[in-house]
2 protein chains.
Amino acid sequence: MLSSIKRFLIGRPLKSNELGEQKLTKAKALAILSSDALSSVAYGPEQILIVLITVGAAAFWYSIPIAVGVLVLLAALILSYRQIIFAYPHGGGAYVVSKQNLGKYPGLIAGGSLLVDYILTVAVSVSAGTDAITSAFPSLHPYNVLIAVLFVCFITTLNLRGVTESASILAYPVYLFVLALFIMIGVGLFHIVTGQVPEGLHTPIGTPVAGISLFLLLRAFASGSSALTGVEAISNAIPNFKDPAPNNAAKTLAAMGILLACLFTGIVFLAYYYGISPMPDVTVVSQIAETTFGRNVMYFFVQGTTALILILAANTGYSAFPLLAVNLAKDKFIPRMFTVRGDRLGYSNGIIILGVLSILLIMAFEGKTEHLIPLYAVGVFIPFTLSQTGMIVKWNREKPPGWLPKLIINSTGALISLIVTVMFFLTKFPQVWPVLVFLPLIIYLFHRIRKHYEAVADQLRLSTCEPSIPIDGNVIILPVAGITHVVENSLNYAKTLSAHQIIAVYVAFEREDEAVFEEKWAKWQPDVRLVTLYSPYRSIIQPLVKFIDTVQRKASESNFKVTVIIPQFIPRKGWHNILHNQSGLLIRTNLLYRRNVVVTTVPFHLKK
Amino acid sequence: MLSSIKRFLIGRPLKSNELGEQKLTKAKALAILSSDALSSVAYGPEQILIVLITVGAAAFWYSIPIAVGVLVLLAALILSYRQIIFAYPHGGGAYVVSKQNLGKYPGLIAGGSLLVDYILTVAVSVSAGTDAITSAFPSLHPYNVLIAVLFVCFITTLNLRGVTESASILAYPVYLFVLALFIMIGVGLFHIVTGQVPEGLHTPIGTPVAGISLFLLLRAFASGSSALTGVEAISNAIPNFKDPAPNNAAKTLAAMGILLACLFTGIVFLAYYYGISPMPDVTVVSQIAETTFGRNVMYFFVQGTTALILILAANTGYSAFPLLAVNLAKDKFIPRMFTVRGDRLGYSNGIIILGVLSILLIMAFEGKTEHLIPLYAVGVFIPFTLSQTGMIVKWNREKPPGWLPKLIINSTGALISLIVTVMFFLTKFPQVWPVLVFLPLIIYLFHRIRKHYEAVADQLRLSTCEPSIPIDGNVIILPVAGITHVVENSLNYAKTLSAHQIIAVYVAFEREDEAVFEEKWAKWQPDVRLVTLYSPYRSIIQPLVKFIDTVQRKASESNFKVTVIIPQFIPRKGWHNILHNQSGLLIRTNLLYRRNVVVTTVPFHLKK
C-alpha cells in the first residue's frame, strides 16, 4: 500500500548508473537554479524606495545611483562566482571555498548560515507566493497556512522525483515570468521614447534633497541588495550540470546575471520615471504593470507569473540544500544519512528534512514570514563575504597567471559584501540579531557531531583496537511467561545452540504462584533449569535485569557471553500489537542499551 | 531523570501486599465516589426550569411535582443499586449485572456506554468547573483549554498516586460543598418561615397554565434527571471499600442518596419559592445564593465550592473507569494491559488512558463541552435501564426469600429509567444521535478483540497444537558493512554457536566494490564464507531479504532454522543515535514481521 503510493508520487526507482541522465542542460539549469535570484526583482527595487520615502518622494532619484551600486555588486558577485566555478569544479560554493582557504571555522560559518538560509528561502518564498494568490482570491485567506504547506509538499515531491523531471515542470513559469517582465519593460520604454508618458512625474537626477544622509543611502543600498539573494545557487550545484559541468555552469551563471541586471535596471528605471511610491497594499511591480498596460490581461499575466515564481523560488533551496548537506556530511559535520541517494538518485534525506523544517517554520509563523527577509538576506551576505575573502587568499597564495585582475574582482566583491553585511547589522539589528545566537549554536553542534564520528571511527578501526577477546561459550537465559507453545518454540531453538547452560526464568507476582509454576515446569521440562523470581512491585524488567547482572558477572569470569532469548508474538494484523503487552520490546531495549548482552528474538507468527 | 520525576509525582512503588492499606473508609468513599452525583444538583434543577420557561414563568410550580418524580426515580435507583451491591459484592455494576442476567450483548452495551460516559464525565465536569473559575477571573478566559488540561493532568497524577491519598485531598471540597449548600438551604428556609420572603414571588401550586403538555412535562423530567448521573459509581467500586465491602458500600450509597435528595429538594423548593427564572449568564444556584445572602462572603463560598466540586466530579470517572476496564479486560473485550496494577497499585493504564482521551476531547471541543451533557446523560440511563432489567430477570429466575418487593423496586426503577432514556431520544435527538453510531462501533471492536484473544489462546495451548517440529541445526547469516571491530565482535559470537554454516553477506552499491571487498575478506577471514550482493537501487534490505529467502528455502528442507545476526551500535548518548543509519533496526523489523527467521542483536557499546 504505502510503497505503491510512493511509486505513484515519485516514480520507479532508478539504478545508480542512470545518474548521467538526471543531469541538467543549461536551459533547465537556468530555470531551476535562478528562480530565487530572478524572483527577488519582484521585491528588491521596492525595498530601496521604502527606505528613500522616509525623507520624501523627492529622494526617489537616488534609486538610480543606488541601483548602479547594486549592479556593480551584482557584477562583482557574478564574476567572482564565475572564478569559483572554475576553481572548484566539484561544487560546494561558499562552504568549500571558505573552508579550504580560510580554515575550518570560517567554512562552518558559511555552511551553517547557508544551511539555515535555504530553509528560510523555502518558507519565505512559499509564504510570499501564497500571499500573492490569496490576495487575488480573498476567500482563500483563512487557508493561507494550509495552502503554503501544500505547496511545500508539492515541491518536495517534485524534487524527490528527481531534478530533471522537476526542471521540466518548473522551467515554464520562470521563463514566462522573464517574458512577462521583458514585455512590460519594453512597452514601458516604448511609451517613454514615444513621449506617451508625461515628463513631470519624477524629480530630475541631482535635485538636492533635505535630510538625506550617507547612512540612509547605505541602508537603501543594503535593502536593495536583497535582490541579489540566490546568485550563489549555481556555484553550489555544479555536479548537477551536464558535462562539461564547469563551462555549462559558468555560461548559465552569466545568463542569469544578465537577465537579473536587465530586469532590475528596467524596474528601477520605470519606477523612477513613472514616479511610483511604495504603497502598503499594492506592490511596485503591480503599479508599474498597471501604469504600463492598464488593468488588462497583460497586467494579470505579470501578476500571475510573479506569484508563481515566488513559490518556485523555493525550489532553489531544494537544489542547493541537499548538495551543501552532502558536502557537510562528507566532512562529518552533519549526520551521514545526508550522503545517501534515494530511489530516484536525489539526496532524498536532505530534500525531506528541508521540506519538514520549512513546513514547521511556516506553521510556527502562521504563514507570516515576511519579517524573516532581513534575517534571510544577512544569512546570504555572510557566506558571500567569506567565500570572496577566501578567493583573495587563494589568489595571493597561488598567484596563477593573470591573478591580479582576479584578485581585484574578488576584493571588490568581498568589500561590498562586507559593507552590506555590516549595514544589515547596523540598520536592522532588531531583525537580524538571531543570527548571532543560532550560528554559534549550529557550529557547536557541527563540532560535536564531527567529534562523535571521529571517536567512532577510532573504535572501529581494527589496527588500533586491542584484539577482541575470543568467547569460550554461552549462557542462554530464556524468560518464560507460562507453559505455552511459544515457550516450547523458543526452547527448541535454544537447545540447538551449543550452549553450556540454558536457564529459564519465571517472574512471579504472587508467592504462591512460584511453587505452582516450579512444579509444573519440573514435569514438563525436567532437564531445563528453572529460576523463579518474586517481584513484589509487579515489574518484570527489574528482577530480570538484576538476575541477568548476576549471571553475567559469573559468566564473564569464565569468558562466557550471555544471550537472552525473547519470544515475540507477530500478529497477522498490525493493530493486534496493542492487544499484547509489549514486554518483549521493553526487555530488549532495556538489555541492549543498558547491559552488554546479546538479545535473540524468536518470532512466533500467529496464524489467525 | 524520568524515573525520579515519576517518583516525585506519584510516590514510591508499593508492594502487592500493601493493597489492603489502599482501601477506602466510608467517609472517604462518600467524598471520592459521589462528587459526580452531588455536583449534578448544581445544574439539574436549572435544567427543569429551562424547559418550563418555554411556556412561561407561571409553569414554574410544575417543578415541584417533577422534582417529586425525580426523587422517586432517585429512590428507585438507590434501592435498586443497594440490591445490586449485595447481589454482586465484587463490583462491576451495570456491565456485570447485564452480562450475567441478560447475556453478552446487553452487557457490552452497558459496559461500552459507561466506558465512553466516564470519558465524557471527566471532559464535561472539568470544562464546567474551568468555566466557573474563568467567569470569576475573566482575564484567564483565553487560557480555558490550557487550564482544563492542567486540571485533568493534576487529577490524573493524584489518581496515579493511589485512591486513598487522592481521597484525602478530594474529601474536603466535597464536604465543604455539601456544607455550603446546607447552610444556604437552611438560611433560606429560616427566612421563609420567619416571613422575611414576600409571598407573591411564585404562582401557587395548581395554577392552570396555558400551553402545558404531557410531552413538555416529560421533557422537563428527563432534563431534571440529569441530576442523577453518577449514582452508579459506588456499585462499580465495591472492591475499593474496606471490609466488609458490601455493607460499607451500601451505607455509603444510602448516605449519598439522602444527601442528594435533600440538596435537590432544597434547591428546587427555594428556586420555586423565590420565583427564580433561569438566566443565560447567572446560574440558578448563584441566584438563590444571592437572594439568600446578598453578595457577601457566603455567596462566594457557595460559588467557590460549586466550581471546585464540578472539577472534582471528574474524579468519579477516575474511580469507575479503571475498574470497569478491568472487568472488560478480564472478559477479553479490551486489551489485557488494563488488568495490570501500576507502581502504586492503581490500574494505571486505565487512569492514563482516561486522562489522555478526556484531554483530547477537551481540546477537540476547545473546552466547550456543555452540549455533550445530553449525550452524557443518555449514556448513563442506558446502563441504568439494562442493569435493573437484569435484576428483574435475576429475581424472577432465582426467587430468593422476599423476592417480590425486590422485584417491584427494580421494575419501578427499570420502567422509569427506560422512560427517561426514551424521552432523551424523542426530545433531544439532534444531541444524542451519536450514541447510535458509536455504541455499535464500540461493541464491534469489543467483539473483534475478544475473537483475537481467543484465537491466540488456541494457538498457544500446548495440548491442542500439533507438536512443534524439532530443529536439527542453524544457518547463521551475518550482514557485514566493512572490515571493522564491530564485524569482528559479531563474528566471534557467531562462531561460538554450534552453527553448521556461517555466511557473511556484503551488499555492494558499485560493481567494482564487490571484487575489492571479496579480496580483502579472503585475506582477513579465509574460513568464513562471504556472499556479495550487488544492489543497483542502493537498497540494503531488498537484496538481503531476497538472499535470506533463498537460504531459508534450502534450510527448511533439511529442517534447519535461519538466524540473522545484526550488529547494533549502542552510543553513549541518546542523541548520537540519529548520527548512525538505523539499518540494523530496519532489517530487524523487516525480517521479524515479514519472514520467519530468528534475529540476534549483538550490541557494540561505544565507549566515547
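Residue numbering: from 1, along the chain as shown.
Cβ atoms here come from the backbone N, Cα and C positions, even for glycine.
TrEMBL labels come from automatic prediction, so no person has curated them.
In TrEMBL this protein carries:
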{"type": "TRANSMEM", "residues": "B:48-79", "note": "transmembrane segment"}
{"type": "TRANSMEM", "residues": "B:108-128", "note": "transmembrane segment"}
{"type": "TRANSMEM", "residues": "B:140-160", "note": "transmembrane segment"}
{"type": "TRANSMEM", "residues": "B:172-193", "note": "transmembrane segment"}
{"type": "TRANSMEM", "residues": "B:205-231", "note": "transmembrane segment"}
{"type": "TRANSMEM", "residues": "B:252-274", "note": "transmembrane segment"}
{"type": "TRANSMEM", "residues": "B:300-324", "note": "transmembrane segment"}
{"type": "TRANSMEM", "residues": "B:345-365", "note": "transmembrane segment"}
{"type": "TRANSMEM", "residues": "B:371-395", "note": "transmembrane segment"}
{"type": "TRANSMEM", "residues": "B:407-426", "note": "transmembrane segment"}
{"type": "TRANSMEM", "residues": "B:432-449", "note": "transmembrane segment"}
Which listed stretch (B:48-79, B:205-231, B:300-324, B:345-365, B:407-426) has the most C-beta pairs under 8 A with the transmembrane segment (B:140-160)? B:345-365
Determine whether the transmembrane segment (B:300-324) and the transmembrane segment (B:345-365) share at least three Cβ pairs under 8 Å, counting only pairs 6 or more apart in sequence. yes
Is the number of Cβ-Cβ pairs under 8 Å between the transmembrane segment (B:345-365) and the transmembrane segment (B:108-128) three or more, considering only pairs separated by 6 or more positions? yes
Need a quick answer: max count of Cβ pairs under 8 Å to the transmembrane segment (B:252-274), which of B:48-79, B:172-193, B:371-395, B:407-426, B:432-449 is it? B:48-79
What stretch of B:172-193, B:205-231, B:371-395, B:407-426, B:432-449 shows the most Cβ pairs under 8 Å to the transmembrane segment (B:108-128)? B:371-395
What stretch in B:172-193, B:205-231, B:432-449 has the biggest tally of Cβ pairs under 8 Å against the transmembrane segment (B:48-79)? B:205-231
Remote residues contacting the transmembrane segment (B:432-449) - C-beta distance under 8 A, at least 6 residues beyond either end: 105, 108-109, 111-113, 115-116, 328, 332-335, 374-375, 378-379, 382, 424-425
Contact set, same chain, for the transmembrane segment (B:407-426): CB under 8 Å, 6 or more residues outside the stretch: 72-73, 76-77, 79-80, 83, 218-219, 221-222, 225, 374, 377-378, 381-382, 384-385, 388-389, 391-392, 395-396, 432
